[in-house]
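Participant: This is the structure I have questions about; it appears just below.
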């Protein structure tokens, strides 16, 4: 077992930055007031929430009163989709999404189908992009919501969000985007991009876990998801998690200030890692070939003739942290629904590896991974019946 640890699973979660933690700490101890009360300690907490809301809004180019704090990205997705569905069911019962969404969106839509809503799941091409013409054709007079993720958590595809938003605005359909992976990695402007609702999560931007936010454009009618109190301007009940809200606000502020530098640094390391991995025979890159249309830290490849689980165990032995898909489903032995949606056969999709880079990634880390991966793949293939069958087929052809 190697004592070195190379963390390359930033799409699953990030560490909390020291500046973020430092700003959070007082709200665990001496600044512990409930913001709903009226005494001094509570006013401090209320002001901290207001400051965090302003920071989140600034990064998105939203108005401060359009930001609502949630318990995470999954809650924000649930609220956006269920809240719009039930608030607008008198107009129609049709929702459009894609086959490659995070399960927080897919499972919510599947639940709504059981409640009588109709859902269209759009296909994507081999790089994970939505066909805009297919979207236009899918919209009917019963369509009340389109939910398309900003960037895919597995293969890094950055969708044409502005164009999707424009189509929805022209057709008078509400547009929600799950931007959990995009925030801090892509420039976002909710006004320019015609976005009506946007979900984000703190732990993907070097903030704490268990905190997220939902942007709701002013004038959008939406039902509440959680009832029982008047917090978040009577939109989301429950005493506010002040330390986490403060942490999210600070993390978003840092992400906004460092965005260009972050994209440049991480993209360069990503491209070096992709180039090196593709030198391994029978390896294919999943997602966009054009780096500008791919999340800066995303690398997703398939090594043919082997299983992803074996790759992950071998990498872990060398101290390398990666995944074979979404962290929310990494315990499953089924191939990724995203890889199947882009047309990969099961046997190839099973050999996937996602390495996601972040601010803590160094060039030495990339070099280390490129040193360790080729012999791991060679060893796993030497034990693989699929590889042996391939060699026999090649020998037979000769």
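Even glycines carry a Cβ here, placed using N, Cα and C.
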Participant: Do you know which of 30, 93, 153 TrEMBL groups with 73, 74, 181, 239 in the pyridoxal 5'-phosphate site?
Facilitator: 153
Participant: Excluding near sequence neighbours, so keeping only residues 6 or more apart in the same chain, what lies with its CB under 8 A of residue 204 (N6-(pyridoxal phosphate)lysine)?
Facilitator: 11, 13, 14, 73, 180, 181, 183, 184
Participant: Could you pull the average pLDDT for the domain 'Aminotransferase class V' (6-369)?
Facilitator: 96
